[in-house]
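Below: one structure, written as structure tokens.
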Amino acid sequence: MYLLVIFLPLLSAIICCFFSRWIGFLRAWQISTSLLGITFCLCLMIFYEIGLSSTLCTVEIGYWFNIGFFQSPWGFLFDSLTASMLIVVTSVSFLVHMYSGSYMEHDPHLGRFMGYLSLFTFFMLILVTGDNFMQLFLGWEGVGLSSYLLINFWFTRIQANKAAIKAMMVNRIGDISLTLGIALIYIYFKSVKYAVVFAMAKEFEFSNFYFLGFNWNTLDLICIFLLIAAVGKSAQLGLHTWLPDAMEGPTPVSALIHAATMVTAGVFLLVRCSALYEHASENIRLLVVIVGALTAFFAATTGLMQHDMKKVIAYSTCSQLGYMVFACGLSFYSVGMFHLINHAFFKALLFLSAGSVIHSLSDEQDIRQMGGLARLIPFTYVFIMIGSLSLMGFPFLTGFYSKDLILELAFSTFTPVGHFAFWLGSLAAFFTALYSFRIIYYVFIGPINGNRVVYSNIHDAPTLIAIPLTILGFASIFAGYVGKDLFVGLGTDFWGNSIYCSSINTSTVDAEFLPVFFKLIPVILSMCGVATAYLFQTHSLFTFKTESQVSVILFNFLNRKWLFDRVYNEWVSQKGLWFGYVISYKTIDKGVLEFFGPAGLTHLAKNLSRFSTNLQTGLIFSYAFLVLLVVLLLLSLTLFYYYEIAIIETFCIAISAFYIFLFVDRYVL
Amino acid sequence: MISVSVISILNFVLFCIGIFGIVFNYSNLLSILMSMELMLLSINLQLIVMSLVFDDLVAQVFALLILTIAAAEAAIGLALVVIFYRLRGTVSLKSINLMKG
């Protein structure tokens with residue numbers, strides 16, 4: 001059962017990628033969806049066995065590397081962390097598979113699409129189930145590869161190509177960092193297995209490593225590397241630019257990869273390595289908090305002014321990932337994980353609903369071209385409403401139980417950084433509500449702005465789209481309430497040994513006894529966000545907003561994503577390309593190396609031979625002069641026979657004499 | 001009595017004049033032939049002086065042979081110059097430049 005969970009998606013990928021031509025796209029869709037359905041059921045059973053019954057399962061099926069001390073087995077570790085990730089990955093993946101059958105119905109490459117989706121699921125499962133860092137890395141790279149293939153699914157579109165390359169390259173920065181981290185882990189722990197590394201983490205609390213001219217604490221350095229890896233994969237501030245661009249892929253891809261699974265891999269890494277982070281110095285955790293809080297705030301503000309429906313949701317993903325990361329940084333790994341699970345449900349719901357809207361509007365993505373859809377596609381409206389309310393933490397929906405808990409906990413650490421995270425997170429909650437309702441207003445409530453032809457062909461979600469929406473809708477309402485006591489309840493032993501949290505950093509209880517006012521701040525701010533969104537859209541008082549110079553600047557700043565892309569393009573990418581062309585290509589490769597290498601040598605030989613042939617001018621007196629010179633040279637050679645230095649001097653004199661002769665020959669005669 | 005070294009230096013000067021006559025002569029083929037005669041004559045003179053110094057007749061024999069060779073060489077050279085003149089209508093050295101490296 002345990003291995004079946006991993007290999008059924010692989011089987012599905014193989015069948016869809018290689019045989020869909022023969023079995024037909026419909027059959028490929030049926031097979032992959034049913035295989036994923038079976039996988040999901042198996043994962044439910046695993047969750048029962050591992051999570052609810054508190055057991056642990058490890059499967060080792062041989063060695064990947066077995067070289068001296070470096071042993072990396074093919075091992076699959078199923079603990080409660082893995083089991084909860086499995087639920088998230090396979091449920092969302094199963095629903096997305098089902099959804100794609102309708103959404104991608106008329107696509108000529110449906111078989112390939114299903115294959116890639118299954119391949120992605122397979123790699124994600126490898127990532128979460130691996131019991132060592134090498135296997136995690138395999139899954140890590142694999143999901144990067146699959147995301148490339150999926151973003152680039154419509155490979156004839158240049159934007160999709162560029163977005164896919166960008167996703168791959170930006171992720172690769174984090175991947176390099178992860179490789180460094182794993183290498184460092186191996187250097188110190190002499191093993192890449194989780195069991196060994198996490199058990200020994202305390203031993204290396206005070207060891208040092210010399211890197212980049214600084215003497216680092218080893219665990220700090222490892223944690224920084226892993227953090228950068230998580231930043232790349234989870235689209236945190238700095239390496240977030242790939243995520244919004246990755247919306248070029250089909251919508252189910254965005255739902256699967258960029259909402260529910262792939263981007264959560266970074267948070268999963270942080271949670272998985274909780275033992276390392278807990279033993280590293282406090283500054284590293286503060287760094288994690290700051291990165292996460294800034295991301296939450298940044299992405300929420302950027303989401304305000306985007307006009308592409310999917311990009312708004314992408315920024316909201318980015319923002320929510322920020323919450324998870326700072327929850328991890330504050331040592332509330334279980335809470336971060338809980339938010340990850342809840343977020344997967346409501347974000348997948350939001351993306352799939354957005355896909356439904358886009359589908360019904362003949363692939364229109366710009367919210368300014370929509371409007372008044374509430375009465376035309378009420379079903380989708382209901383689910384996007386559920387998703388948005390859940391996202392903004394409306395009381396007693398899923399998001400409320402994790403997001404507000406994160407903010408409460410951030411406040412109850414009573415440290416400056418905790419409060420920094422709390423206020424940024426609360427502001428982000430305000431903006432989250434603002435942009436969620438901005439979308440809802442633009443798409444469903446506001447005046448109709450679209451094309452009449454599009455509107456006359458409108459249709460609500462077909463069955464295959466409706467089923468996943470319904471399931472995810474129910475999950476978005478109830479998952480938080482159902483899972484609350486299990487995942488983050490007071491004194492729950494669900495996580496067992498899969499998450500380590502040092503007792504000094506635990507302050508879960510404090511959050512329970514906060515003043516009610518502070519507990520209500522996020523909710524109040526969210527409600528204010530809704531009201532602001534409504535007022536901005538409807539009230540004439542706010543119409544000045546488009547004319548004022550300040551608001552134009554502000555709008556441009558937010559619409560252009562805080563100018564991150566511009567700075568990166570102009571100061572990093574273009575400089576990099578310039579360096580690659582001018583310095584390493586023109587100066588070094590074509591310049592120095594060619595000059596002193598083959599081209600230079602042939603050139604030299606050619607020039608020398610031309611020089612020596614030019615000596616023979618055809619004029620008698622030049623020959624006579626040369627003969628005289630050479631005779632003198634030979635005579636002086638005999639003269640200076642015993643003085644080597646003199647011989648060299650004579651040669652130099654002879655050569656300069658030749659040059660003088662040439663000069664005379666060319667310019668004087 | 002003029003010393004041997006003075007005569008030798010004089011011969012060397014004569015030889016150098018001959019060489020420079022060849023090297024720095026850019027126009028006239030005849031003066032090259034004359035410079036070559038001058039070089040041969042200076043060599044002859046040096047041979048005779050040395051024959052006197054070492055009291056040995058071999059050098060004088062050589063001098064006589066060189067005189068013969070110089071005469072033959074002058075005859076052939078002049079013949080070539082005449083033929084060249086017939087072909088090109090000039091004896092300028094600058095016109096002998098058809099064979100380049």
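Placed from the backbone N, Cα and C atoms, the Cβ positions cover glycine too.
TrEMBL: automatically predicted annotations, no manual curation.
Feature annotations, courtesy of TrEMBL:
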DOMAIN    A:64-114  domain 'NADH-Ubiquinone oxidoreductase (complex I) chain 5 N-terminal'
DOMAIN    A:131-423  domain 'NADH:quinone oxidoreductase/Mrp antiporter transmembrane'
DOMAIN    A:509-637  domain 'NADH dehydrogenase subunit 5 C-terminal'
TRANSMEM  A:35-56  transmembrane segment
TRANSMEM  A:76-98  transmembrane segment
TRANSMEM  A:110-130  transmembrane segment
TRANSMEM  A:209-232  transmembrane segment
TRANSMEM  A:283-305  transmembrane segment
TRANSMEM  A:312-334  transmembrane segment
TRANSMEM  A:379-401  transmembrane segment
TRANSMEM  A:421-444  transmembrane segment
TRANSMEM  A:464-483  transmembrane segment
TRANSMEM  A:516-536  transmembrane segment
TRANSMEM  A:619-639  transmembrane segment
TRANSMEM  A:645-664  transmembrane segment
Legend entry - Helix, strand and coil counts within the domain 'NADH-Ubiquinone oxidoreductase (complex I) chain 5 N-terminal' (A:64-114) (DSSP): 29 helix, 13 strand, 9 coil
Legend entry - For the transmembrane segment (A:464-483), sequence-distant contacts whose Cβ falls under 8 Å of one of its Cβ atoms, 6 or more beyond its ends: 91-92, 95-96, 98-99, 101-103, 338, 341-342, 345-346, 348-349, 352-353, 355-356, 359, 379-380, 382-383, 386-387, 390, 396-402
Legend entry - Tally of DSSP helical, extended and coil residues in the domain 'NADH dehydrogenase subunit 5 C-terminal' (A:509-637): 116 helix, 0 strand, 13 coil
